[in-house]
Each structure stands twice: as C-alpha cells, then as structure tokens.
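J.: After the structure tokens below, expect a handful of questions from me.
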2 protein chains.
Amino acid sequence: MTERTLIKDLAAASDGPISVSGWVETVRDQKKVQFVVLRDESGAVQLVHPRNFNEDKTPADDPIADIISGLAQGTFLTATGELKHDERVKLGGVEIKLDALTIAAEAIPETPIAEDSSGDKRMDWRFLDLRVPKNALVFKIQTTFLHALRTYWVEHDFIEIHTPKLMASASESKAELFEVDYFEGKAYLAQSPQFFKQMAQPAGFGKIFEVGPAFRADPSFTSRHATEFTSVDTEFSWIDSHEDVMKLHEELLVAGFQAVKDKHGDEIKALWDVEITVPTVPFPRVPLAEAKRIVAERGYEVPRADDDMDPEGERQIAAWAQDTYGHEFVFLTDYASSIRPFYHMRHEGDSSVTNSYDLIFNGVEISTGAQREHRIDVLIEQAKEKGLDPEELDFYLDFFRYGVPPHGGFGMGLSRVLMLMLHLPNIREATYLFRGPTRLLP
Amino acid sequence: MTERTLIKDLAAASDGPISVSGWVETVRDQKKVQFVVLRDESGAVQLVHPRNFNEDKTPADDPIADIISGLAQGTFLTATGELKHDERVKLGGVEIKLDALTIAAEAIPETPIAEDSSGDKRMDWRFLDLRVPKNALVFKIQTTFLHALRTYWVEHDFIEIHTPKLMASASESKAELFEVDYFEGKAYLAQSPQFFKQMAQPAGFGKIFEVGPAFRADPSFTSRHATEFTSVDTEFSWIDSHEDVMKLHEELLVAGFQAVKDKHGDEIKALWDVEITVPTVPFPRVPLAEAKRIVAERGYEVPRADDDMDPEGERQIAAWAQDTYGHEFVFLTDYASSIRPFYHMRHEGDSSVTNSYDLIFNGVEISTGAQREHRIDVLIEQAKEKGLDPEELDFYLDFFRYGVPPHGGFGMGLSRVLMLMLHLPNIREATYLFRGPTRLLP
C-alpha cells in the first residue's frame, strides 16, 4: 500500500518528504503561487505550488501548475512533496510544497449541491453531502457510541443475536407491515426483533442484544420517522419489573455518553456548540398519569382522547425534568394497558396499567421498554383483548408453553439518539441513507 | 432484582444461603431424597431435597417434595437453599439443599424434540434446541468473534455504517432478488451492502465496516446456503490492489480467532473435539488458474464449462493448502472476469482476470473480496459487457462521477465462518433462526 500519511498526523510529522491522499476542497489559482486545500477522512491540509517562471519572468513549462489549474472540487488525488511546519499557516500550521500530483479520479466540475441546498436535494447527493466534515462526524460519533454499548454488553456476558428480518406474520401493528414475495408465498419485514429477542429467554440465553434494521410501512413525514431504521435492542431474564430494565438502560447510556464525550466532546462543542453531558443516575422517573398532571399544571392540556402523551407533551415533561432535576432524560412509566401492545406485562392488582416505560431524551421519545408477560394464559387473554387471533401468534405463544423465565427489555432508535444528542434538526441527518415513503434512492 | 447467583459462580461462593434461577433439566424423584438438575445460561447444578418423614417413617407433609414430583423438564424456577461444597458431587462439586422453590412458568410435560430429532424438527422448536449448552455456545463464540473484529475496526478508525436493506434496484444478480411492496411502488431487499458500502468511499469516509442482514432469493437447499444471512463487510480507500484487502482480511481473522481461542478454546475442544488454531500470516495465496492445475494434478478435474471452481475443487485446494502449508485458510486469487461482477477491477494489461479473491476456510468459501473499478468509463463498459443497463445503475454510477479514491473490500458470511470453525454439519446450526425457501417459522 502507498505510504500514505493521514492529514491529522502531519502536525506531529517531521519536515521533509511526505505523501497524502484525499479530495480537493478548494483551489486558489494565483499568478505566482497556487494553493489547494486537500481533505481526507481525518482533516485538511494546504498544498502549495509556486509557479515556474523563466528568467525573463514569462511562465515556464510547469506540469503541476497545469494540473492544479484544471482541478475540479472533489477530485481525489495523491500529493507528494515537502512537509513544512509554519505557524503562519492557519490550517493546522503545516503546508506541503508539491513535487507531484497523481489523480485517482477526476470530478465533474459542477457540484450538484451547495451548503444552502434543500434537505431533499442533499439526500439525492448524500455521498457528496457526507464529505462535509460535520456530516461525517455524526457517524464517527455513532461508531463510538455503539462500540461502548456493545463493550458493556459483552463485558456483562450478553449474547449477540441476529434475528431474521423475514417473518411469517406481523410482530407489531399490521397497518405498518411491508409484504415480500417469498418463493411461492408471502413474507413480512420485521417491524422489530420483539418476538425473536424474547425467544432467547425460553432458549435459556439469559441476556441478549442486537443492533439491526427494522422496517415500518409508516406513511408519515415527520422529522423523527423513517421507514427503515437501526434498532438497538436488549432483552434479559429474571427481572422483577421494568425497573430492572430501566437500570440497565441507564448504565448503557452512561457508557455510551461517556465514550462520546471522551472521544468527541471537544469537536462536538466546536462544531455544534453542544455540551455532551454524561447523564447522572438514576434518571428521573414519572408515571404517565402524573406526567399528564404535571404538563397540565404547566398550562398544556394533551389533546388526545386516549391515555397517551403527544409530542408537545413529551417536550413539556422534558422541560419539567430539566427545570426540576437538570436532567436531559426522563422515564415516563406505567403506561395504560389500552395503548400498549398485548405482550407488555400489567401491574399486579391493576390491569389497567403496564410495567412499561418510554424514555424521553431532550424532549423526544427514543425508546420503549417493558417487562413482558410470560404467563401463557394471561398472554393469550391480553392478545384476544387486543383483537388478535391467538392462532396466528401460535409460533410466538409456543415460546411460553415449555417454560420461560420472567424477562424484559427495550428497543431504542439509534438515529434518534444521535439526532437528539447533537441537536440535529432531522433524523435524516443521523441516517447514512434515509428511507421514507417517497425516498428509496440512492 | 432478586439476588441471583449464576451457577458458574457457585464453586467460588461460600457455603450458606444462596439463590439460583434456571430451568429444570432432569428430576430424580427417589423415595428418600429428590434431585433436580437445574441449568441456567452459565452451567448446571444439583438441587437436593431429602424428603420429610414422620417419626413412624411414614411420609410427612412436604410441600417442596410435592412441587419436585410435579416438575416437568423445562420448567423455569428460582431455588433457594443452602450451598454446600462436596467433592463427591460430580456436577461442579457443589449442591444446594433446598429451602424453597418458586416456579416462574411451568413447562408442558411432553417435550416435542429429543436429541435424535431431525434437523428440521429441531428447527421447528429452535428455542428448545438452543437450551442444549453446545447449541447455545455457538452464539457465545459468535459474540466473542464479532466483538474482536469490531474492536479491531474501531481501534483502526473504521467507521460503522448501517446501509439500507430496502433498495430501488438489484445490487447483484436479478435472479435472486426479493421484491417488496413499497407504498405505491416496489422495492427490493439488499442482496449485499455492496453499492452502499462503496458509497462511503467517494463520501470520504476512508474505512468502513458493517455487520448486517443480506437476502438472497436462492432456491437451493445446500448445507451452506440461507435466504437470509448475516454479512460481515468492510471497505476502504487508497488501496493498491486486492492484496491490501487480503492483508486486512488476515488481520481481522487473526484477531477473531485469537479471541475465540482465548475465551472458548477449552470448551470447544471438550465439546466438539476441535482445536482452534489462530492462523499464521500470510495465508497461502493461489491464483485460480494455478489452483485448477493443482487440483487436476491431485486427480480432480473441475466439471465446469466456465472458469470457476466447484465445491469439490474448493475442498481439494483446501486439502492441498493443508498438506503444503499446514494452513486451514487459502486465498484463491485473480478470478476470471467472466465469472466476476462488473464492479471488480481487472488486471492492468489483462482484462480477462480480476483483482479479486475468494477465501476458502476448511474447504468452503466464506468470503469474496476485490479491488473495485473506480474509473467511471471503465465501469460503464464492464457493466454493458455484463448485459446491464447503465441507466438502471445510474444512482450507483453517480458515486464515481464526482471523484472517488481507489478502494476495495470484502463480504464474509458470518454463519459460514462459525460452521467451519466448529466443524458443524450445517449452516442452520450456526444461525439463530434459519431462513430457507421453505422455512419462515418460527
């Protein structure tokens, strides 16, 4: 492999021959000297080329100058030359005086997007949009965040599973199901790994995690929905209630935020003016009924006929948690059974309320967790009550017929966490390639 | 959460009160004393209960004995009692004298599968099949293996991406494509993350990885194919040839095998009689044309009209690599252009051969890698030559029009690696829930 130095390592390198590879960000083609700002995945550096002149001061033969004059923004190339530290150079205090330029692939000179392009246009050209360091940094942060979560899981003996995304039936609402032609029959795309991550409990796996895609045929066009998203899931046995799930949830988020703060805190502050706060534990917990009273006292009546919160209510309760506890997170607990899936366990002695929670981060729901109902007779009753046909669920109900431990877990939307962590305006900014009702390309 | 001790930790625990939770593996219901073997995710322990007798030696009131007599295999319960170390106890040198049993969920007494059930039957009841420690261990090993790969990637500044599984067109052969009803139109399930992981290169990400599902509408019923599988992918910029890809591939596998050997080597030896060998680098490399001559010399003529290997040829070349180098891995390189996708780069000066390889492990192909063609004009020509319509590929071809670095990478089937590492007879054994042409349940 070519001896390539990453641009971030130039400051620590010695003056002398060096080779860097990247793409052209800007060209300043002046009469006496030419400048190219070259960017790679780690940073940007100034390449400099003093033009060649004859003794009579007419332009001399100068192949490098000719190449530079023809460079389009975005062209990928390898530059070799002499590294020179010079504190007057604003960009990193170094520059490279060119000896040679080798072009890997020239760019079409007209770039189809600019900084002020619409979100939709930028998504059309996502691969160019991601060249903006701030946009790419989102995914470096995501990598750090996820690796911290996985390291926590692995160190605590959780088993990683990969549940199938092709299913014979719905796992959540049938309204949001994608249908697939599957050989002679039909299959459906998994809306969540719910049934199969629960399967690991009667299988005796104890504690599991999965990070994988989930699919919702949701026709809505909000800033926080996608038809395909990365779901962060965990499920574990022998819990007493959803309180145990919330405790694990807190520990995972602390691990993730600590890693992000350590590795990217300064950059995040510089680029987004956002201070990454490692949340203190325990996070505030508020039963949903109380949360509705609290937001009502703050002057907001949730305009819903059912027992659920609405997005403005979530913002209000987040503001309350911030005012009261100085906390960016708040668990809303004990949701009404009427608005929870049949597999959520209900309170002992009050079946109108579930052992469940939503986690609100900076005003938006990022996760739903619960203790699951593991008693087969109760589970069947709850399915029937929701209008589901137990026969269609038979493969799932079987998981509970041959012994099963009490268990629970949560699912969390990865892009939502990143969006809210970095105060991004839209989930598309935290998604590598967004998928929506009218978006399948690129 | 209940103070629960994992069974593997009992040997190191002090004699005295203790609580364990798990499922009933066996019950020996004798006249004077009862034994239950309880298993959890970490091991098995013997619970013991001496029956109560009256002074006249008639059976006394004995609620624990009544519970034990009624226990079905698979019932999940919590047992509390007195831990006692006793080296005469074969199972771990400890037993628990019971004070109480709390049943979480009773099992139906008739277990639908036994050790000698057919593979298909065992898959019908996969959640019970996975209670067998050896079957579950496959996924603990997989967790360790993947975490080692991810740690390598993260420590080497690779960015994790999650490419969409819903696409507007095929990325590989159209024959193996699953079609999805997508709102008013159609979408297709990603057969690989190929196009989108390549997109990260013009996006300037430099080095990326992804572990996620891939889908092939492949109607074959072999021991190594699945319609949904977990694909381990990486792609990186500024390579000189596929040799750079092979070097990375080697380093990743060394990291993975070292971690598996360190953590599970003894168990693997005990349960499968398999010695985990950390492969030495470099792995043997053989150009495909030479490989065909070698297997012919060994007396096997590959019965194919095209330039490809067949499964028996792969076994033969693996046997040769084992005989010659004592190595379980062998790279077959420089595949003919005729049997490689249009996006593989071809040799400079000989367009009949590609900068590509397959990796053979213990006789079976686990991975394909290549340098990609990044020159747009050459890429379009190669697509046309393969009978593809450049217009349909336009969103992909755009990735190459605005500048792109030379790059390459590989995709590797996770379950295949595990199958071959543990000498399992079938890929289903290394898949949490197998999907095949006639298998969508559970």
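Note that Cβ sites are derived from N, Cα and C of the backbone, with glycine treated the same way.
Okay, so TrEMBL annotates it like this:
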DOMAIN    A:139-442  domain 'Aminoacyl-transfer RNA synthetases class-II family profile'
BINDING   A:Glu172, A:Arg216, A:Thr368, A:Arg372  L-aspartate binding site
REGION    A:194-197  region 'Aspartate'
BINDING   A:Glu365, A:Gly413, A:Leu414, A:Ser415, A:Arg416  ATP binding site
J.: Work out how many Å separate A:Gly413 (ATP binding site) and A:Arg216 (L-aspartate binding site) at their Cα atoms, rounded off.
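T.: The Cα atom of A:Gly413 (ATP binding site) is 12 Å away from the Cα atom of A:Arg216 (L-aspartate binding site).
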J.: Please report the distance from the Cα of A:Ser415 (ATP binding site) to the Cα of A:Arg372 (L-aspartate binding site), rounded to the nearest angstrom.
T.: 25
J.: Given the model, what does the mean pLDDT over the domain 'Aminoacyl-transfer RNA synthetases class-II family profile' (A:139-442) come out as?
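T.: That stretch averages a pLDDT of 96.
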J.: The record names A:Glu172, A:Arg216, A:Thr368, A:Arg372 as the residues that bind L-aspartate; what is their largest Cα to Cα distance in Å?
T.: 22
J.: Where does A:Gly413 (ATP binding site) sit in DSSP terms: helix, strand, or coil?
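T.: Looking at the DSSP assignment, A:Gly413 (ATP binding site) belongs to a strand.
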J.: Kindly assign A:Arg216 (L-aspartate binding site) to one of the three DSSP-derived states: helix, strand or coil.
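T.: For A:Arg216 (L-aspartate binding site) - judged by DSSP and reduced to three states - the answer is coil.
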J.: Report the residues of the chain - excluding A:Glu365, A:Gly413, A:Leu414, A:Ser415, A:Arg416 - with C-beta within 8 Å of the mean position of the site's C-beta atoms, for the recorded ATP site, in sequence order.
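T.: Result: A:Arg224, A:Phe229, A:Ile366, A:Ser367, A:Met412, A:Val417, A:Leu418, A:Met419, A:Leu420, A:Ile427.
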J.: Can you check which residue among the binding-site residues A:Thr368, A:Ser415 has the largest number of Cβ atoms within 10 Å of its own?
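T.: Counting Cβ neighbours within 10 Å, the top one is A:Ser415.
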J.: Judged by the number of other CB atoms within 10 angstroms, which among A:Glu172, A:Glu365 is the least packed of the binding-site residues?
T.: A:Glu172
J.: What counts of helix, strand and coil residues does DSSP assign across the region 'Aspartate' (A:194-197)?
T.: 4 helix, 0 strand, 0 coil
J.: Does anything in the same chain, at least 6 positions from A:Arg416 (ATP binding site), have a Cβ under 8 Å from its Cβ, and if so what?
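T.: Sequence-distant Cβ neighbours: A:Arg224, A:Phe361, A:Val364, A:Glu365, A:Ile366, A:Ile427, A:Ala430.
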